[in-house]
Amino acid sequence: MNPVDRPLLDIGLTRLEFLRISGKGLAGLTIAPALLSLLGCKQEDIDSGTVGLINTPKGVLVTQRARCTGCHRCEISCTNFNDGSVGTFFSRIKIHRNYFFGDNGVGSGGGLYGDLNYTADTCRQCKEPQCMNVCPIGAITWQQKEGCITVDHKRCIGCSACTTACPWMMATVNTESKKSSKCVLCGECANACPTGALKIIEWKDITV
């Protein structure tokens, strides 16, 4: 089966492993009031998708759509910190493409989450990473020390196979460097967010 056609939850990290509970993950779970307070949202916000929860090895990235103003500071901070240059297209956190950017540019179609809808998105650090599986030279590997899947820029040939294979198209090839990049869980996006639309909550602070 083409990896893009596989169900998203089959590809992503199982929330069972992260939460150490049985049954469904955060998106379908009745969350304890104390944890909801920590996440800064209500149960109905999670159920409706207004609040997004992206599980990573280091913690949960909480995205609150209603708080996002589309200022792009998260993307700017990400690329400045990781690349030494500023560019929203090759940012590891994705905001711009989720507004009204279609496949062929501005105004050509709805964003991934609907028109006029800012939604932060980034790498899920998949348990079975399709980006890593399809890389023809093995430039994408799991790094135990960093706790994430990374791209070795010395080996990357910029073929974009990783982007095509990812169901969310998260790995992005920088058109200037010709190298692919993806989230390394540095947290700069959340640090730069002026409205609290992005938060990273470490697993040690989450109990269920």
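Just so it is clear, glycine is given a Cβ too, placed from its N, Cα and C backbone atoms.
The model shown is predicted, which means the values in this text are computed figures rather than measured ones.
Cross-referencing Cys156, Cys159, Cys166 with the [4Fe-4S] cluster 3 binding residues that Swiss-Prot gives (Cys123, Cys126, Cys131) picks out Cys166. [4Fe-4S] cluster 2 is bound by Cys183, Cys186, Cys189 in Swiss-Prot, and the record lists one more residue there from Cys68, Cys71, Cys78, which is Cys78.
The annotation in Swiss-Prot ties Cys156, Cys159, Cys162 to [4Fe-4S] cluster 4, and of the candidates under consideration, Cys135, Cys148, the one tied to the same site is Cys135. DSSP assigns Cys74 ([4Fe-4S] cluster 1 binding site) to a helix. Residue pair Cys78 ([4Fe-4S] cluster 2 binding site) / Cys193 ([4Fe-4S] cluster 1 binding site) shows a Cα separation of 11 Å.
The separation of Cys183 ([4Fe-4S] cluster 2 binding site) from Cys126 ([4Fe-4S] cluster 3 binding site), Cα to Cα, is 12 Å. A gap of 12 Å separates the Cα atoms of Cys131 ([4Fe-4S] cluster 3 binding site) and Cys156 ([4Fe-4S] cluster 4 binding site).
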